[in-house]
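What follows is one structure encoded as structure tokens, with my remarks underneath.
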Amino acid sequence: MKTTKQNGLSRRDFMVAAGAAGVTTLASPTVLRAAGSPIKIGMPTILSGRVAILGETASVGAKMAVDAFNAAGGIDGRMVELVIRDSKGKPDEAAKVTRDLLSSDGCAFILNGEASGGTFAVHEVVRDTKTYCMHTISETSSLTADPANRAPWVFRSARQGIHDAISGGLYAANLAKAGATRWATCSPDYAYGRSTTSEFMEFLAVFAPEVKLVGETWPKIFQPDYTENITNLLNVAPDALYSCLWGGDLVAFFDQASLYGLFDQFQTVAVNMGDVPVLEAIKNLPGGIHSGNRYHKDIPDVEANENWNTEFRKSGQLPTNWAWQTYTGAQFVLNALKDTGGDTDYQKLADATRGRTIDSPFGVNGTVTMREADNTLVDYAIGYGQTVPQPPYLTGFEPTAWDVIVDYETDWKKRNSFL
Amino acid sequence: MNSTRIFARTSLMAVIGLAVLILIGVIYPGTWLLDTMTGLFASGLLVMSLHLLVGYTGLVSFGHAAYFASGGYIFGMLLQADGVVAALGGWAVPIATLVALLGTGGFALFVGLICARLSEIYFAFLTLAFQMLLVSAIQGLVQYTGGDQGLTGGIPRPEFLGLNLVEVKDRYVFSAFLFMAGLLVIRLVTLSSFGATLRMVRDNETRTAFLGINTYRVKVAAFTIAGMIAGLGGVILAIFTSAAYPEWAGWAVSGEAIFMIMLGGLHSFYGPLLGVVVMRAINDITLIYTTHTDLAKGIAILFVVLVLRRGILDWILDVRATRRKRGTSGDQITSQALTKTAKGTKDAAS
Amino acid sequence: MLHLDHLVKKFGGLTATDDVTLDFPAGSLSAIIGPNGAGKTTLFNQITGHLVPTSGRIMFDGENISGLKPAAIVRKGIGRAFQVASIFPSMTVEEALATAVSAHNRTAFQLHSAFPPLNVRHQTEELLALLGMEPVARSLSGEISHGDQKLLDVGLALALNPKVLLLDEPAAGMGPEERWQMMDTVKHLWKSRNMTLIFIEHDIDLVFKTAEIIHVLRYGAVLASGKAHEIRGNPEVIKAYLGSETDTVKDAV
Amino acid sequence: MLDLGALSNCFSNSACLVTQSATGVIIGMLLFLVASGVTLIFGVLHVVNFAHGAFYMIGAYVAYSTYGVTGNYYVAVLVGTIAAAIVGVLFERSAISRVYKENLLMQLLVCYAFVLICDDAVKIIWGSEYLAMGVPDEFRVRPWRIAGGVVPPFYLFLAGTALMVAVLSLILIRYSRFGKIVRAAAANPTMVSVLGIRVPIYFATLFGLGCGLAGMAGALAAPVRSLTPGMGLSILIESFIVTVIGGMGSIPGALLAALLLGFTRAFGSLGFPLFVDGAMFLMMVVILVFRPQGLLGERAGR
């Protein structure tokens, strides 16, 4: 009956990080350029509210990478320091925090641990101030796919929505073939929710043309009460439901929807379900929810992933999708920094990041690549399965091959004239 | 002193103030102070313009952030619109600023015409409702406003008069100019005959009406002016962030503006500015030790309310006034008198 | 100057003004007296537009002003001071008078020069002198003595240079000494400004000494009108006045 | 944006009508419980309790912890309610009572400070991550079917309890000796204290009662709302809308307005899903402009 983890340790760590940042606020940061002083990386992420749990795991992931880097001697003895700040998940706050990190705290660049809402705000700041930046969380496709948004010195080490849409579309087409042709959606009403949902439905229609969209409902992000959305879905009575709600929102939605027996009535594809902390937090977890893989110690089923999982759990937290993504982002950033010899010039760092392939526990072939054409991550493990309330949490996992994904992605880009 | 000379002298002081601010910008080597001050300029105008209503006219508006956001959004949406920058070139930013000012003025006038008929808590709630309606509109009209996401993609700010607003220093200088201009307007309004009329309405609206003044018009005019200046603050923030967000119109922004006024001092002209700085300082200093900035702010506010029982600057002025005994001039009304009045009205009402 | 023509005001079943017809000639100094609840203040409130009469007319300078808004009536030239001094507590006496002058000069919305403009300042100084309030000119209105506050209230009305000035118990709440002083000042103001002045007062001695014409109200109706000696000898008035204190009907405002 | 088809379809379909109406009642009743506290405190003490949302949060968090220890939902609700009431009394005694005579702004400021402190205190005690309590076992049953409509028994329990408690407190204020004294005391504190009644205790009790109602709402809803610091804000705004529309100080008005809002949400999500919030604020504007005293309010605003 007792719920969700508590972790005093990590919170104290945040305070220390924040404290160190504050001291430099007063000391006026511009002075601190002397050799030997640590290179500071600013990381805005969500540390309060519904999705704080994810922000904390992202922080742990970033710190794992940084600690390992420092333990290995840093850049010829020069250390790297993370300054982590709470953005509360609000775009304006994320923009403010990012500017503060750069101007008040003297951070050299940004490892962005913000969700999509805040990421677009952070993106504006780093574009405006010409700051090297790695987005580690936002999956919204247009962030890197749309040339209008692109900045050559900004990268993404997160999944991309379109990849999950292709993978999910292929997977869901099987559900459609089995008779689930009337679909409804229930996703958060903001950039990520809207684009991810429409991309999923787009590809579902590609793979299963018989599918019809019969209803949609758009709760606000962090909405406390989903009753009206739930009953709306009941009235529509679809064969299957798609939702990209995530974090605490997904938990609250499931708890409330279970009261209405919603999941007894149709199949559900909830792409963000497959993170262990989310699964554990849902009290009335119905069986057989279809989900994308988020982070799973057996996907890919390699020793490096197993080891990483063990290492991560030492922090007292459970690894999440955010955790591996931020860890990966930090790895790219640190590798680039090593290459430039500690030079934080945005163009030099960008050159050292673009097109790079690194060894990774999360890659399908043991590596992941920062694709040169659009500065986004590829070759990470991706696929769909069904959730179960106990370990191993995700069963019947069907991976999607990257050549398939890339083919459809290219078509999609053409359709949207992104190429 | 001659009344036109007072205006001239005040304007001169503003010019000197601006010169000092620009000098700081030129001398200061980094970006920290300049960016911090640019942010303070934006909140400064929001708070000072609200003070014109709350402090000078006795109108407690809970929805002042609506005009702040309106300024930022009009400015941003205009510059992002197809062809605007191409057509206006170097004039784009000044013209967008002007349009934002006038557009916000029109919006404030519209809301003012409706709200000014109500008094006290009803007025407060109505302004709040309009603000929340604006938030709903911003969130609903996704194709124009970007919805929850705010104005993304950056606001183009072409160079003008040799100022490139993407550069920290240039941006700071232009923001400082807008801030001092806004501040000067507010100051001149409070010093003018209209300013005296505002204080009449605050002190005793019934009596003011009995002197043949249409107090409804006074309130609408004050509301409009205050809205415009708040809009100017929004323009500064839009220039600074190269974006605009629906949270700017949120009630947290309106609320915080009121609290900064109260914290700094409701009854002195510069009190609210002090409130802005103090709030920011509490925030930044607390961050050195803990992330629990809200706790520190809460305790500071409780101290001010329950111990000082008035804003910081009011308290300082009162202490000085009591020491010196007597010698109050036009604007330096001691807050004791006002506190008494407030109590008086409250007693009479209940 | 001011003429009330069959004025009636009813509050539900209560008739507060009962068919009052009164005439106040230009330049006259009249008093309205009557027991509590006689409808004196209600009468004033109708003249100044606070209340709309149920029927009847209020003629001012040959024009029917009943039903107009207070602000409009004030601008036509009817000023008023209140039973409880209605002032601007956070302003100095000087400032408060200047705002009133400014309102009269139609400069209350002026934004282009500092307050008070030069001409307003001069008029304010004259007014201060006329009221004899120079010593307290720079004190806060909220902190001066009760008597001074009442005088300031009169001054605010006077600043509008009214043709008719209504004073609602100008000496209320003052000590005996002060009351006489106040009435002297009022009479002095009336003489120097050459206006029509009407005041409500309870203190019969004060009224008899000051007013040219006295109107007595009872239960909202005019009981008697006339010069001081006529009223003094009127047995109805004596009876009404002495029997009044137990009256339960309260003044409407 | 506007989908009147969906709306009219629903009205011609008993299953949909029942489900959505029940939704309206459920949302409305919980809102009513919170709003009745606001309106109670305003109606008697003339204080606008801007900190009301904080008590909702306190109720929810305390209930969460109690539930963790006892495993009994009813005990959890009771303890949550009492905790909110006690904090309310302490808040009234230490801060609010000192600003009764001050203007609106001072009251607002005190409340704001309290909210800030509460939110951070919750972060320190319970952490800033969301907490989920989970629906108690006895309510994990299949939803009831009424004329084809779906109604979860747990929500019926919430709505019923909310209505009952709020009505009881209305009766308490209107007809009990306590209610009469506290109303008299608010109207004329000096007079009542002369009678030997300790006015401050009555005021504090009433304030605590109002806060207890908010705490109870938070505790009741805790199983289905994920708990976060600052969770009181959105419920505060909605309860203000209810208070204003119903008429400040009128409990029957609050009931009417809460139901109105509940139904707007339930049916608005079908007919105009993107403008549900907007519609609520629009109603508030219309009411304030044309009937500032609210639907059932007694005293007219100027």
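Cβ coordinates are placed from backbone N, Cα and C, and glycine is handled just like the others.
Annotated transmembrane segment per TrEMBL: D:20-43, D:50-67, D:73-92, D:104-126, D:146-173, D:201-220, D:240-263, D:270-290, in sequence order.
Between the transmembrane segment (D:104-126) and the transmembrane segment (D:50-67) there are at least 3 Cβ pairs closer than 8 Å, counting only pairs 6 or more residues apart in sequence, which means the two stretches are in contact.
By the Cβ criterion (distance under 8 Å, sequence gap of 6 or more), the transmembrane segment (D:240-263) is counted as touching the transmembrane segment (D:146-173), at least 3 such pairs being found.
Residues 13-19, 21-22, 25-26, 28-30, 32-33, 36, 40, 43-44, 135, 139, 179, 182-183, 206, 209, 213, 216-217, 220-221, 223-224, 251-252, 255 of the same chain lie 6 or more positions beyond the ends of the transmembrane segment (D:146-173) yet place their CB under 8 Å from a CB of it. Note on the transmembrane segment (D:20-43): residues 10, 49, 52, 55-56, 146, 149-151, 155-156, 158-160, 162-163, 165-166, 169-170, 173, 206-207, 209-214, 216-217, 220-221, 235-236, 238-240, 242-243, 246, 248-251, 253-255, 257-267, 270 of its chain, located 6 or more positions outside it, place their CB under 8 angstroms from a CB of the stretch. Residues of the same chain lying 6 or more positions beyond the ends of the transmembrane segment (D:201-220) and with a Cβ under 8 Å from any Cβ of it are 30, 33-34, 36-38, 40-41, 44-45, 47, 49, 52-53, 55-63, 76-77, 79-89, 91-93, 96-97, 100, 158, 161-162, 165-166, 169, 172-173, 178, 181-182, 185-186, 231-232, 235. Residues 51, 55-56, 58-64, 66-67, 114, 136, 138-139, 203-205, 207-212, 214-216, 218-220, 222-223 of the same chain lie 6 or more positions beyond the ends of the transmembrane segment (D:73-92) yet place their CB under 8 Å from a CB of it.
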